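*Asks:* Got these off TrEMBL a minute ago, pasting:
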TRANSMEM  12-32  transmembrane segment
TRANSMEM  85-110  transmembrane segment
TRANSMEM  117-136  transmembrane segment
TRANSMEM  142-159  transmembrane segment
TRANSMEM  171-204  transmembrane segment
TRANSMEM  210-234  transmembrane segment
TRANSMEM  270-291  transmembrane segment
TRANSMEM  303-332  transmembrane segment
TRANSMEM  344-365  transmembrane segment
TRANSMEM  371-388  transmembrane segment
TRANSMEM  400-418  transmembrane segment
Amino acid sequence: MARLLHLIKSKNCFFIAFLIMLLGIFIERITIGVDLSDEAYYATHLDSWLKEGIKNSSNLMIHQSAALLLFPFVYVYQNLVSHELGLILFLRFVYMLMALGAMLSLYFFIKPLRGQLLAALVLAFGFLFIPWSLPAPSYNTIGMYGMLAAMSIFGIALMQKPGKKSLSPMLSLLSAFLWTCTIVAYPSLIIVFSGFIAIAFSLLKERRIVFYYFLFCGFLFVAALASLLIILGVDHCIQIFKFTNAALQISGGLSAKFHKIYEQIFQSPIFAILCATSLSLGVIVAIYPRLLFLAELYLAGVIFYLTFFGQTVLFLISHDIILIIALFGVFIPFTAIKQARNSSIYAILALMYCTSLFAGLITTITASNGLLNFPIGGLLAACLTLAFTGYEETRKSGSYALIFVLILSAFSMGFIVYKNNYGEINNSFPTEKISEGVFAGLKTSVQQADFIHKVSSVLPQDTKAEKITVLGRLSGFYLLTSLAPSALATWNYQFSETNLAGQMISQFYQEKKNQPCLIAAYSDPWTGPLTDREKSLLKNYRFKIAVESENRVLRVFQNPVCSYER
């Protein structure tokens, strides 16, 4: 009874009502839009395993490691609903719960230091930010929220430590487990974890605790690696590394990657000036805290301008805002240096902020999109910046100006994700609800719904023994049939024969057993022409049927030795 009375106190009622409102906004959003490209690509790994099992999959892209974390949930879901009805909507719900859990961990880190209002507004900001406006549990989003939650929980454990000899075992275990999930989903982030430990050793006094935490995480990492090798097979994992490294050029030249970052920033002089100003203001505020109000006005003005009038630079305005806010946060490590002897809190904040900023750099240079991927690592840095601006002056409660900045920031994130629907070609507000297949429960345009229905009607829905290969930029066609993929990657990379990945693909299709029953060749104004390798593969196939919708065409070809008849 005492706990119930505590729960219904006004502050808790406010937070519960606020959370329900956020969930309502989010649940409505995840029913909007159908994406046949990236989101469908993430789901093809799961779809393939449901159709033919993990051991039989030919997939060699590292992105499937993130799908392994989701597969147990998807397997249970499939057995509950039969087939894959509404699979994408289910995955979006998984994303929502993942995002909510991560932001709640940050909320509980911020709340004792800044109060419930600021913590709740930061939660809304991070929760409503959806990378690329694509609410899918992918290697990007699992890595982003897993890392954010791991560091937030570690921060909570450190704050609870005074008077205790060690960190809470449960919090340590949870944080280490989340780091493990993060690295399984996004292997490059092991570099970030190494940086996190190095920064922790340099900033925190409790080095013995950091060392034991490192050993604990290391044990879980080794266990996760062993599990991957057992599930996928040692030889298959080696092939995955070779193919992915060649496909994504992860180990390519750093100079070219930094040059791309430079070009992305300076494609808009205004954006470049805003980035430089944010960085400079962050340093100035750390030295002269009296100028804080001007900095808060600057942030409010920039967020308002970018949201309603700004030119998009990093794919979406929300990505631009995350970078600009995160750069302003340099006041955190500078203040930590000033407060080195007086404040352990700033040491913890500096650890989390610097690690997140470093993560933003790593996700930038390891991705083909460059700076568009900064928010994957840098979201926590932006959240901490908003939460702890003016912390020295106001402590438990932020200034009215900061509260306004937070409200504006959260509104901006929500406004942007409703304004943009990834995968919808005309970007019009979808109204047609799909009732069948993996996209059941989602609303899309009438044209796209009709196209999906037509494609589904010409592709096999009950045949299990045969396979299909999709040529063209839309991986979603793999989800519209019962046939399993016959491909080293379900994303249509068009490599030259000088690229190792291209050579591996050519060798793969030279084997008769890998030549699929059907080939679906897609074309539209945004899809490049077929490569010589793809044309060569099609030579031995006969045309079967075509599906057209506006400026999109899907042509289906059948292998003469395949006995399937529709």
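Glycine is treated like the rest: Cβ placed from N, Cα and C.
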*Asks:* Taking a Cβ cut-off under 8 Å, which residues six or more beyond the ends of the transmembrane segment (400-418) line up next to it in the same chain?
*Replies:* 25, 29, 32, 117-118, 121-122, 124-125, 128-130, 133, 135, 293, 296-297, 299-300, 303-304, 306-307, 316-318, 321, 325, 386, 389-390, 394
*Asks:* Look at every Cβ pair spanning the transmembrane segment (303-332) and the transmembrane segment (12-32), keep those 6 or more apart in sequence, and say whether at least 3 of them are under 8 Å.
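*Replies:* By the criterion, they do not touch.
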*Asks:* Honestly, do the transmembrane segment (344-365) and the transmembrane segment (171-204) touch, with at least three Cβ pairs under 8 Å and pairs 6 or more apart in sequence?
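*Replies:* Yes, the transmembrane segment (344-365) and the transmembrane segment (171-204) are in contact.
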*Asks:* Which listed range (12-32, 117-136, 171-204, 371-388) shows the maximal number of Cβ pairs under 8 Å with respect to the transmembrane segment (142-159)?
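*Replies:* Of the candidates 12-32, 117-136, 171-204, 371-388, 171-204 scores highest.
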*Asks:* The transmembrane segment (171-204) and the transmembrane segment (85-110): do they have three or more Cβ pairs under 8 Å, with pairs 6 or more apart in sequence?
*Replies:* no
*Asks:* Under 8 Å between C-beta atoms and at least six residues away from its ends: which parts of the chain pack against the transmembrane segment (12-32)?
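*Replies:* The answer is 6, 89, 92-93, 95-96, 100, 116, 120, 123-124, 127-128, 130, 135, 414, 417-418, 421, 429-430, 441-443.
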